[in-house]
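Please read the structure below before turning to the comments.
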Amino acid sequence: MFMINIISLIIPILLAVAFLTLVERKVLGYMQLRKGPNIVGPYGLLQPIADAVKLFTKEPLRPLTSSTTMFIMAPILALALALTMWVPLPMPYPLINMNLGVLFMLAMSSLAVYSILWSGWASNSKYALIGALRAVAQTISYEVTLAIILLSVLLMNGSFTLSTLIITQEHLWLIFPAWPLAMMWFISTLAETNRAPFDLTEGESELVSGFNVEYAAGPFAMFFLAEYANIIMMNIFTTLLFFGAFHNPYMPELYVINFTVKTLALTILFLWIRASYPRFRYDQLMHLLWKNFLPLTLALCMWHVTLPITSASIPPQT
C-alpha cells in the first residue's frame, strides 16, 4: 500500500515537471513575440513526451576518463532527493506527517549539493568541475539565509510541522507581517534552484552548460527532471510559508485548487524573471547574500524572537 502511495505521488510530479518545460518554452516564446513549440500535437502539447522519448532512447555516452560509479550515481541521487523532498508537503494531507518536516526538507536540500559535486568531479572535465564548484558554493551560501528565514517563520508558526502553517494563516497570510522575509526568501529560492538571474553554473560563454556538460540522454534527463521538480517544490514551500491556503476538512478539493493556483502563479513568476533579467556577476551574487541578506535576516530573526517577549512577556512558542 505504501508503494502505491509513493507511486501515486511520483507520477504526477514527473508529469508536472514534463509540462513545466512546455510552459517555460511557451511563456518565453510569447515574451519574445513568437509562438514557442506548436508542431508536435495540438498547440505543441505532446512536445514534452517527444523530448522524453528522444532523451531516454539515446545512447548514454560516458567519457573514458570519468569515474564510473559516481558519474552514474550523481543523476540518480539528484532525482531521488528531489522526489523525496515532496514527502512531508501537506497538499492538504502529506504522505508522511512528520513532526520535523521543515528540518527534513532542509536536510534533503543540503544533501542535493553532493549530487552536483559528484557529477562535476566524476566527469573529469575542467568545465564541469568549475560549474559544480560554483553551484555548490552558491547553494551552500543561500541555504544559510533560507534556514534563518525558516526559523523566523517557525517562531510565528509555533511548530516545526508543516501542517500547522495552514492553521497559523487562517486569518492572515504571513507575507503581510513578514514581507521583507518573503522577498528575501523568494530571491534565495531562485539562487537555491540555480535559476536566472543566478544560473552562474550554466554560463554558456565560459562553461558550456555547467556541471552536467558531459552527460547525455537518460542521466542528463534525470538532472533536468530534478531541477524542475525542485522549482515546483520550492514554490509549493513558498506558498505554504507565506500564502497559506484556507483548508476546510469537509471540502479538501477547495484547498487543492487554491494551493495549485498560488503555486502556478509563483512558478510563472520564476519564468518571467528568467525572461526579464540578465545574469548576475559571481561576486555580486555572493555580496548580495553575505553583505545584504545575512545581516538583514539575522536582524529580523532577532526581532521575531524578541517581539513575543516584549509584547506579551512570553517566550517564543516553538
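The count begins at 1 with the first shown residue.
Here the Cβ of each residue, glycine as well, is placed from N, Cα and C on the backbone.
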Range among 42-62, 294-314 that Swiss-Prot annotates as transmembrane segment: 294-314
Among 100-120, 171-191, 223-243, stretch most in contact with the transmembrane segment (70-90) (C-beta, under 8 angstroms): 100-120
Outside the transmembrane segment (147-167), six or more residues from its ends: residues with CB under 8 Å to it: 88-90, 92, 94, 97-103, 106, 174, 177-178, 181, 184-185, 188, 240-242, 244-245, 247, 255, 294, 297-298, 300-301, 304-305, 308, 316-318
Dominant neighbour of the transmembrane segment (253-273) in 100-120, 171-191, 294-314, by Cβ pairs under 8 Å: 171-191
Non-local residues, at least 6 beyond the ends, that sit with Cβ under 8 Å of the transmembrane segment (294-314): 144-145, 148-149, 151-152, 155-156, 178, 180-181, 184
